[in-house]
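Enquirer: First, the structure itself, so that you have it in front of you.
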Amino acid sequence: MTIPEKPQGVIWTDAQWQSIYETGQDVLVAAAAGSGKTAVLVERIIQKILRDGIDVDRLLVVTFTNLSAREMKHRVDQRIQEASIADPANAHLKNQRIKIHQAQISTLHSFCLKLIQQHYDVLNIDPNFRTSSEAENILLLEQTIDEVIEQHYDILDPAFIELTEQLSSDRSDDQFRMIIKQLYFFSVANPNPTNWLDQLVTPYEEEAQQAQLIQLLTDLSKVFITAAYDALNKAYDLFSMMDGVDKHLAVIEDERRLMGRVLEGGFIDISYLTGHEFGARLPNVTAKIKEANEMMVDALEDAKLQYKKYKSLIDKVKSDYFSREADDLKADMQQLAPRVKYLARIVKDVMSEFNRKKRSKNILDFSDYEHFALQILTNEDGSPSEIAESYRQHFHEILVDEYQDTNRVQEKILSCIKTGDEHNGNLFMVGDVKQSIYKFRQADPSLFIEKYQRFTLDGDGTGRRIDLSQNFRSRKEVLSTTNYIFKHMMDEQVGEVRYDEAAQLYYGAPYDESDHPVNLKVLVEADQEHSDLTGSEQEAHFIVEQVKDILEHQKVFDMKTGSYRSATYKDIVILERSFGQARNLQQAFKNEDIPFHVNSREGYFEQTEVRLVLSFLRAIDNPLQDIYLVGLMRSVIYQFKEDELAQIRILSPNDDYFYQSIVNYINDEAADAILVDKLKMFLSDIQSYQQYSKDHPVYQLIDKFYNDHYVIQYFSGLIGGRGRRANLYGLFNKAIEFENSSFRGLYQFIRFIDELIERGKDFGEENVVGPNDNVVRMMTIHSSKGLEFPFVIYSGLSKDFNKRDLKQPVILNQQFGLGMDYFDVDKEMAFPSLASVAYKAVAEKKLVSEEMRLVYVALTRAKEQLYLIGRVKNDKSLLELEQLSISGEHIAVNERLTSPNPFHLIYSILSKHQSASIPDDLKFEKDIAQIEDSSRPNVNISIIYFEDVSTETILDNDEYRSVNQLETMQNGNEDVKAQIKHQLDYQYPYVNDTKKPSKQSVSELKRQYETEESGTSYERVRQYRIGFSTYERPKFLSEQGKRKANEIGTLMHTVMQHLPFKKERISEVELHQYIDGLIDKHIIEADTKKDIRMDEIMTFINSELYSIIAEAEQVYRELPFVVNQALVDQLPQGDEDVSIIQGMIDLIFVKDGVHYFVDYKTDAFNRRRGMTDEEIGTQLKNKYKIQMKYYQNTLQTILNKEVKGYLYFFKFGTLQL
């Protein structure tokens, strides 16, 4: 079908129009950031339905997330409705309104699940399977690995013994287990995991593959050796211009001869490189040499710098690539082959046993979804099955969003259900490889890259490629600067794709022509002498200043109206690679009273509040773990001081465990009595919680801990309180999820958490801020993908890349397999193997490439203006970055591969554009006119030196004086000295009042007097009983299950607050109508109606008290009060007390001139056998006598009239006080 001609005036660009209508072959749409790919995808679906008459359920639309799927289905449904309204007689559109609900617009996992549910018989599995929870899956896999390793310990194969010697430590085999897990997850990301594992040994056995790895390293070495030779020659040229440096030149000439031999004939002689020493030490530059070359001081420094660079580049090649002869590297591969083969065997055993366990429990995980789907769709020889053929016949087209984030299993599934080859297929793919940032999810961008390079713009003989390059999001300054940076940063060698004219961004948004340059702000840290703040804290304060400047000076352009409005908090986002800076930023913004939110899902287990709860759980599980026991003791909950812990240990210095020391201290006659009482209370809590944990699930134990110690309330009051509270809820919810698995108990839950920590798996805060809340946001680049903001502050640019994975004993790669060092068991020495060296080099290249893509995502989030924040310790390092070598249009490959952080590259590229002092051979262009408009950067570079006002010296040391110094001074006015001493010695007369709360609720006062009567100290109550306030219920508890008693109490109070009082009384029907009215007004939620105790309310309506209130002259409901406690003087007081009492009285009515108050109680109580109603009434009155007395005295104080009161118990009746 041909593409329809584009009418005049349509909103679509030519490339978008082609993307909507192109058909007849596989299509890959390379959609740059902000190019409207989602709108294009939706429009293509709509035109398939409207123009081509295709039923919506004959389209398979695959999205990356469930949220994306829901949004896309909603947008398609809306468009179908609009079309149906415009053409009500269209039967096809009416059918689509029905079929949209069955439409396959979902994630690939959801599609696979439906496939399994429909064809479970092919798999021979029980159709009543369920999806395992994350907790269950992790623990089951961990259990499986334990069992499989134990089996192999029984066999004790020599290769297994060597493996454990190499990959386990003296203390544990945790590292060995971790490697097995990693291999398992890598393998199941392949269409045939077993085959992938079997091929791991191939490079260790076959010389042909070893030769390929040697060549890979040689090619990479050539990059660094060539750069080293260039640096050496530059050093020689510079020294040649100077006097008195003959010895220096002689050293360099020797090095040049060695390097010439290595590079002889244009090839790298690896044997010569490994067999000789390079980088001889240069003679010192003496004062005489400096004097002789006083006019060339800079050249002298440059010469030394170039020789230093030469040495570092050669050292990298010799240490990272060829630390030994190539033949030795190959020989080690043969020795490692049996170990690699046996490791693959263990992982296959784990896979087999893990699958067996899942089948026995009738559970599936997400990996099963994909592999079972493949099993359904393929025959044993890998060809499409009959079921696959039926899906090929059914689906008119398959549309894949975010194609750059697919893995090889998903690619295989898609290939089974698509029709034709690339030149005549029905697969439509949309994505941007420059935004492929999910390597940790096994995303494989090479799938996109292979098609991008293979498909052509005309689609001749293969698939068709369409480039969507016009950006409708950002101002031209953001786009041109981004283009300039990536034009010189990204290519096939580093970045995996060339950033050429087809890849760059083109301006397409209707902004005005006002100037909005990108701002690169370089913060030079103040040293410890000039600031008490760390470098990170200085950067956080600096960011706040940028935000304040934006709010004060910047405007946001409204493209619809063509007018400006003032910038608000929500217009600003701070992007960072991770959340490491979150707490510093929270503090800095709090200091300036600027609303700020971090939706952190990283570093979760490092948060103070989470560490506290985990220490509690670990201490309850096993109090012999000193770190967690002492951590709990030192926490805000128990508040043991360091000197108290020291006292405990001093009396028992030789105990193995601190718990033993506590017990011994309690029993020691020399122990401090107060500390002993405190310890007894602590141990009593521990034992109580241990007993509780035996009979209750983990989430109830956590809930009890939260309630007992008011954990939620405490952390809610700290900086970032909403996020901290969400973190605590997150842990509680995880315990619920754990409880729903087949595992139970505190020990297993802790093991589950340990596994999450080991895998770096975070599940942090719920999103406590909505998209329209007016706050400054901080988020990671990953979480910002797909979003846009008027002002983007991209900070943390100077934080180094995380290269931890490159230091692991085993390097994994989907394409190449497994790289392992050679470990000599007899000598207990490890050596780099050919595979470990080669795969590490490949991994480093891929890591830097993905970091570049993260930078691209960050830069392209900005609409109005982009701020880049870098930080250096001194400005000398900037000069080095300006001097980075280039190769053609790019920063040299060796510089990019060894770049430590994004700032290293960004500053180097932009400074080369602006600095006039940089030599032409280090610039990309000699004249700005050479740059195309689309990539001509508009950037302001500012270098700011941090100044910390808080540490400025106000007084010299000799200006400080103490009271004692004043007394010893022999001169001066005695009257003035006496007056100063009086001021400094002044004692505040009401110091006791500072130890009491300034405001107390009636409930707190009630509790205080109750505890005093029972012998509990007031300080203890204040420390642990902050005032009753239940924390918000997690979402899953609010939506299902039974409500707690206190929640039902609140609900009943809400109903009673609005209850009408009529002399004729209201009927049960009217009561239901009244409740429905509360729901309609959103006073209460609809799902709460079932928990309202209608019979108890009807009992109250039929009571004498209801009639009395109905006949009253005046009725006041829910009356709050705040009163000075000193005025309420009818209860026993100590010294004059100026505390404030606050409370809420349920109802007050006036009858015959007398004021009465009513307090509703929903308490449940035990009616002991033989107790009369009168005895129960007396018992209930005594329970609330203090609270009621406060209410009565408070009202009498306020009203200056006699006040009487009623208690109404829904489960007992009326009590008059």
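Just so you know, glycine gets a Cβ as well, placed from its N, Cα and C.
Quick paste from Swiss-Prot:
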- 10-475: domain 'UvrD-like helicase ATP-binding' (DOMAIN)
- A31, A32, A33, G34, S35, G36, K37, T38: ATP binding site (BINDING)
- 476-786: domain 'UvrD-like helicase C-terminal' (DOMAIN)
Enquirer: Mean pLDDT across the domain 'UvrD-like helicase ATP-binding' (10-475), rounded to an integer, is what?
Expert: 94
Enquirer: Given a separation of at least six residues and a C-beta threshold under 8 Å, show me what packs close to S35 (ATP binding site) in the same chain.
Expert: L468, S469, Q470, N471, F472
Enquirer: If you count other Cβ atoms within 10 Å of each one's Cβ, which of the binding-site residues A31, A32 has the most?
Expert: A31
Enquirer: Other than A31, A32, A33, G34, S35, G36, K37, T38 themselves, what residues in this chain have Cβ atoms within 8 Å of the centroid of the ATP site's Cβ atoms?
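Expert: Leaving out the recorded residues gives V40, D432, L468, N471, F472.
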Enquirer: Tell me the Cβ contacts of A33 (ATP binding site) under 8 Å, same chain only and six or more apart in sequence, or just say none.
Expert: D432, K434, Q435, N471, R473, L505, Y856, V857, T860
Enquirer: Which three-state DSSP class does T38 (ATP binding site) fall into?
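Expert: Going by the DSSP assignment, T38 (ATP binding site) falls within a helical segment, counted as helix.
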Enquirer: So how many other Cβ atoms are close to K37 (ATP binding site), meaning within 10 Å of its Cβ?
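Expert: Cβ-Cβ neighbours of K37 (ATP binding site) within 10 Å number 21.
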